[in-house]
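Novice: Got a structure for you, written out below as structure tokens; questions coming shortly.
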Amino acid sequence: MENSQDLNNIEGDGDGRKSSATSSPGSFAGSVADILLWKRWHISFGVIVVATVAWVLLEWTGLPFLTICSDVLLILIVLLFFLANYAALRNKQPPALPELVVSEEMVNNAAASIRVKINNVLLMAHDITLGKDFRIFFKVVVFLWLLSVLGSTVSFFTVAYIGTLVAFIVPVLYGKYGGFVDKCCGMIHKQFSRHYE
């Protein structure tokens, strides 16, 4: 009995529980990759449809984002309320709702991950503002200027919609025509290198 508890402490995270932090990010990344590469085509298609409907609602109707979100939540709550009361009147089981619980371990893992990324960004911002690396400073200035120009011509939701479409189209096309793209990019790189010399 004591040996099995010691084995759990060795395999787990020190308090007898097995750590699931190593398996969960890989499986999440794998499922996201499957969706982006259209291996789960019904989910990929659903994401594109939802993004298109959201973009049409936000851009063409002119309704504010907060109004649409509150209206959708209001409709969902009223529908669930009526379904639950209708089921109670007919002596049926009310519709089962998933119990959404955020575990402490998940919050701690997310906070640790976010803390590391924020510290890296702050360190990079510190180096940029002090002018330690002129190339990064120049890249950031050009990127922010381009973002400003893009933001003055196109709305945020249009950029987000285009980004969603690109995220779902480019990986599939690259997977299919990757060799041809790499060959063309290699030829272009050689031409630029030759002109640069």
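Placement of Cβ uses the backbone N, Cα and C atoms for every residue, glycine included.
Pasting the feature list from TrEMBL:
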type: REGION; residues: 1-26; note: region 'Disordered'
type: DOMAIN; residues: 32-197; note: domain 'Reticulon'
type: TRANSMEM; residues: 41-58; note: transmembrane segment
type: TRANSMEM; residues: 64-84; note: transmembrane segment
type: TRANSMEM; residues: 142-170; note: transmembrane segment
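Please go over these features one by one and say how buried each is and what sits next to it.
Specialist: For the transmembrane segment (41-58), the residues of the chain that approach it from at least six positions outside its boundaries are 35, 65, 68, 157-158, 160-161, 164-165, 168, judged by C-beta separation under 8 angstroms.
Residues of the same chain lying 6 or more positions beyond the ends of the transmembrane segment (142-170) and with a Cβ under 8 Å from any Cβ of it are 36, 38, 44, 47-48, 51-52, 54-55, 58-59, 65.
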